[in-house]
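Residues or ranges marked as 4-amino-2-methyl-5-(diphosphooxymethyl)pyrimidine binding site in Swiss-Prot (evidence: sequence analysis): GLN43, TYR44, ARG45, PRO46, LYS47, ASN75, SER114, LYS144. Among the features that Swiss-Prot reports, Mg(2+) binding site is placed at ASP76, ASP95, with the record citing sequence analysis.
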Amino acid sequence: MKNSMYLPFPSKGLYAITPDRLQGDALLAAAESAILGGAAVVQYRPKSGPASDRLSDGIRLQELCRTAGIPLIVNDSPRLAAEIGADGVHLGKNDGSVAAARHVLGDRAIVGISCYDSLERALRAEAEGANYVAFGALFPSATKPCASRARLETLREAGTRLQIPIAAIGGIDTTNAGQVIGAGADLVAAVEAVFGAADVARAARELCSLFHAPRKRRPRCDDA
C-alpha cells in the first residue's frame, strides 16, 4: 500500500539505521529507545529472514515512527517500502533510479541516494529529484567492513554545491561525528554506535547533542 501521508525528511539530526540482527520485539524496543534518544529518522535495513517477518516488523516500525512523528525509510526496496507504508526508500547504486522508486511509492515519497565518494553522483541525484544524499564510508565500518571510503573533502565540497540534506555514514560515533558535521553533514547515520550500545537511548542522545542550531542556507558556487 502506498502511504498517503508521507512525513518530510529532516534537515538535520541523527539518522538511526537498524541492524539486521534485531528482529521482532527486540527490534521494536531498540528503535523506540533510539527515538526516545532523539533520532530524527529511522531506516529499516533487513538483510535476512523470511519475507513475512520483514513485512510484519516493518509495519510495526512504521506504526512506531508514525506515532513519534518521524519518517521511516526502508533500505534498498521500494516494493517493501510500499508494502509497509513507509515514508520512503534509500537506494544504493544497484537499487534503481529515483524515478522508478517514485513510480512504486508515489511522488511525495522520500528517496535517498548513496553517493559513496562521488560528488557527481550526488549532483545527478539532486537533479533527478532525490530528497537527500549520503556519503560514506567516512571511517572503517563494522557493518560494511569492505566498504569503499569517502573523504571529508567530498563532504565539504558537497556542502557548497547541494541544496538537499547531506547524510554521512560509515563508522561514525561520538569520537568522530563532530568532524563530519563540521565538514558539512546535515545528518549522521549510525548503526552500531546506536544499536550496539548497552544504552541505546543514551547513545542516540549523545550523538544528537553534537548538533547545534540549524544552519543557514548553504551557498552555491554559482551564487557569487
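Cβ from N, Cα, C; glycine included.
The structure, with features from Swiss-Prot marked on it.
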| residue | record | contacts (Cβ under 8 Å, 6+ apart) |
| --- | --- | --- |
| GLN43 | 4-amino-2-methyl-5-(diphosphooxymethyl)pyrimidine binding site | TYR15, ALA16, ILE17, THR18, LEU72, ILE73, VAL74, ASN75, HIS90, ALA189 |
| TYR44 | 4-amino-2-methyl-5-(diphosphooxymethyl)pyrimidine binding site | THR18, ASP57, GLY58, LEU61, LEU72, ILE73, VAL74, ASN75, ILE84, ALA86 |
| ARG45 | 4-amino-2-methyl-5-(diphosphooxymethyl)pyrimidine binding site | ILE17, THR18, PRO19, ASP20, ASN75, ASP76, VAL191 |
| PRO46 | 4-amino-2-methyl-5-(diphosphooxymethyl)pyrimidine binding site | THR18, ASP20, GLN23, ARG54, ASP57, GLY58, ASN75, LEU80 |
| LYS47 | 4-amino-2-methyl-5-(diphosphooxymethyl)pyrimidine binding site | ASP20 |
| ASP95 | Mg(2+) binding site | ASP76, SER77, VAL89 |
| SER114 | 4-amino-2-methyl-5-(diphosphooxymethyl)pyrimidine binding site | HIS90, LEU91, GLY92, LYS93, VAL133, ALA134, GLY136 |
| LYS144 | 4-amino-2-methyl-5-(diphosphooxymethyl)pyrimidine binding site | ALA137, GLY170 |
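Around ASN75 (4-amino-2-methyl-5-(diphosphooxymethyl)pyrimidine binding site), taking its Cβ as the centre, 21 other Cβ atoms fall within 10 Å, counting all chains. Among the residues GLN43, TYR44, ARG45, PRO46, LYS47, ASN75, SER114, LYS144 said to bind 4-amino-2-methyl-5-(diphosphooxymethyl)pyrimidine, no two Cα atoms are farther apart than 17 Å. Under the DSSP three-state reduction, GLN43 (4-amino-2-methyl-5-(diphosphooxymethyl)pyrimidine binding site) is assigned to strand.
Secondary structure at ASN75 (4-amino-2-methyl-5-(diphosphooxymethyl)pyrimidine binding site), taken from DSSP and collapsed to helix, strand or coil, is strand.
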